[in-house]
């Protein structure tokens, strides 16, 4: 079912503006929340933030239209009802609003009338509550650190560590040093008086580190005292100025940002009292996650690695972001966004070896997942080691759909890799000739990359390193882009990446540079994009539609011409005889965030006379029959495809069709279906004997078109063939189970076969 935004959603974006002068009692820029004992996120006592203090709303004159406005402002689609007489408990503090009067079309409460701030004849026994529709509207996309901060928080912009020891200065990333805070555009140091490990935990989380360790405070004190006694040091004169210091910070340790802590910039008496009398700067030591440690670091304990593997991120454009998926009962599934927030998201980030979360995303913002929705209403307190330690409901208990899949963006350490790559000559900032910085004889030098072996996997790493998302093209000829004058020399060749690297400098490459093309027009380039398609097959449909057909050779001339039959067909006495075909249907969904389009334009498409249409991709899907140990015994030669929107959900228009030389592709949310009864939709098993096999289908096998997640491009089924009939069962997406679960499933199947 397609979603259409409410008519008032565009007005929601105006909340940061001033209220209309015709409403003198308008509330201005307000924040709302729902609270109450054991309340669900969509229901509770309605509270309003005014002058830094939360207060309640009286139920006088309050009705469905007021509840609707409040629910929309809170990010829900609509209100179901409201509750009077403090159903969700009596609040504390002021009763800020009374006789709120809305038409029902307003996008926020600041557009409704009322008695004015604090003008009320009510008691807390009349506190109003609201019950919203649990579905979030798609304009409510995420909870970010910035919108979680108050006025002071927005002045606390950044945090960094200033390394003091020589060993710390050489370390990348910097994990130990004095804490510096950027406050109103100027860097200040933090006084160590009252500094705790909870404070260190928040700082490390902001810098992309999952944990912290104590520092040798006695040693750092000696270093500080030496500098203070040094007549050439400016430190003594600087420390006498209160503008050099942040006076005191007090954190619980669960905050995603220091600005959420209690921060006292200056002493209570202001300039009359020193900001850090007798103290020194606070020093923090953080522990980097496994991906950001030097290669010589001791390996992680197997137990902690196993815990990390119970949660993963998918479809993110950058390192440390993606849709959250958890492993339950040996199957991967998603997390519902009901009650999803920065604290729970931070537990996921730290579990994966990143820092705290900088954004908790709702509404399948980073694409929809597949399979079960394992968790909903996750309620972490912030100190949990893993997401499984947090209280939560089963995802099926409150009607969650995959359009509610939760995602995160984590803080990651600054490795400096983004400063070692750049693009030149492109028409837009997201494309161009690739230039990298490497050390040549110990001296950093900029140069170009040889395009031999350059492919989409390498381009993906380059775009990620550039901070530009996904690669949509890996260019091997870049003569039309001019590079920087001092970067003409080829400094990197033979680049081969696995796809998980943080930078091209981490990929395998030639020792001495060897580029047989000699550079020139054959240099590597990329085109990047912040979103990508994501193709996923319907495994259940393959399982339900599989059958055998003995097809006469007289009906297979077209298929033979397109190499859709096994090699033994070449030696048959045409048109006499037949081929045994394992036929099935496939349905390929685009669950990504952009349309899936062919790599080449229309001018490069190939006309196939037999099938009377243009084929836009030469190798789009592989069909294989494997033995249980992985050896291939038969394959489908589906050489080329015509991409189109076979079906779209209600409300989505079909955009692509093969007929009449039409545009080809698969629209986001639509699917392309290949029925079992069309040519080449089979595996030729004429030469295969009876037995137990693995049936495998891989879409986009050569990575010709970029996707946000290649790990879900394969389905596998168990296949039993007795020489006359075939059974497919246990069909699943390739990444639905972990590797060890795949092994156990295979062993179980062998046991069953022995019993049979």
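Cβ coordinates are placed from backbone N, Cα and C, and glycine is handled just like the others.
Given the structure is predicted, the values throughout are model-derived calculations rather than measurements.
If you look up TrEMBL, you'll see 1-24 marked as signal peptide.
Mean model confidence of the domain 'SRCR' (32-133) amounts to 86 (pLDDT, 0 to 100 scale). The domain 'SRCR' annotation in TrEMBL covers 32-133 (among others).
Here residue 58 (disulfide bond) comes close to 95, 97, 98, 99, 120, 122, 126, 127, 128: these same-chain residues lie at least six apart in sequence, with C-beta atoms under 8 angstroms from its C-beta. Per TrEMBL, disulfide bond is recorded for 58-122 (among others).
For residue 71 (disulfide bond), other Cβ atoms within 10 Å of its Cβ number 25. Sequence annotations record features per position, and here TrEMBL assigns disulfide bond to 71-132 (among others).
Other Cβ atoms within 10 Å of the Cβ of residue 102 (disulfide bond), summed over all protein chains shown, number 22. Feature annotation from TrEMBL assigns disulfide bond to 102-112 (among others).
Secondary structure of the domain 'SRCR' (159-287) per DSSP (helix as H, G, I; strand as E, B; remaining residues coil): 41 helix, 35 strand, 53 coil. Annotation comment: TrEMBL describes 159-287 (among others) as domain 'SRCR'.
The annotation disulfide bond is assigned in TrEMBL to 251-261 (among others). Less than 8 angstroms from the CB of residue 251 (disulfide bond) sit 196, 198, 199, 201, 202, 258, 260, 261, 262, each of them six or more residues away in the same chain.
Marked as domain 'SRCR' by TrEMBL: 311-411 (among others).
The Cβ of residue 400 (disulfide bond) has 24 other Cβ atoms within 10 Å, all protein chains considered. Residues or ranges marked as disulfide bond in TrEMBL: 336-400 (among others).
According to TrEMBL, the disulfide bond annotation covers 349-410 (among others).
Residue 390 (disulfide bond) is surrounded by 18 other CB atoms, counting those within 10 A of its CB over all protein chains shown. Taken from TrEMBL, the feature disulfide bond covers 380-390 (among others).
Annotation source TrEMBL lists domain 'SRCR' at 421-529 (among others).
If you look up TrEMBL, you'll see 497-507 (among others) marked as disulfide bond. Within the same chain, the residues at least 6 positions away from residue 507 (disulfide bond) whose Cβ sits under 8 Å from its Cβ are 458, 461, 495, 496, 497, 498, 501, listed in sequence order.
When Cα-Cα distances from residue 410 (disulfide bond) are compared across the disulfide-bonded residues 102, 112, 336, 400, the shortest belongs to 336. Residues in the domain 'SRCR' (311-411) partition by DSSP class (helix H, G, I; strand E, B; coil) as 20 helix, 34 strand, 47 coil. Counting only same-chain residues at least 6 apart in sequence, those with a Cβ under 8 Å from the Cβ of residue 349 (disulfide bond) are 205, 210, 320, 355, 356, 357, 408, 410, 411. DSSP places the residues of the domain 'SRCR' (32-133) in helix, strand and coil in these numbers: 16 helix, 34 strand, 52 coil. In this structure the C-alpha atoms belonging to residue 336 (disulfide bond) and residue 71 (disulfide bond) are separated by 19 Å. Of all the disulfide-bonded residues listed here (380, 390, 400), 400 has the Cα closest to the Cα of residue 102 (disulfide bond). Each of the disulfide-bonded residues 122, 261, 380, 410, 497 was scored by the number of other CB atoms within 10 A of its CB, and the lowest score belongs to 122. If you draw a 10 Å sphere around the CB of residue 112 (disulfide bond), it holds 21 other CB atoms from the protein chains shown. Shown are the disulfide-bonded residues 132, 336; the one with the most C-beta atoms within 10 angstroms of its own C-beta is 336. Annotated pair residue 112 (disulfide bond) and residue 71 (disulfide bond), C-alpha to C-alpha distance, rounded: 14 Å.
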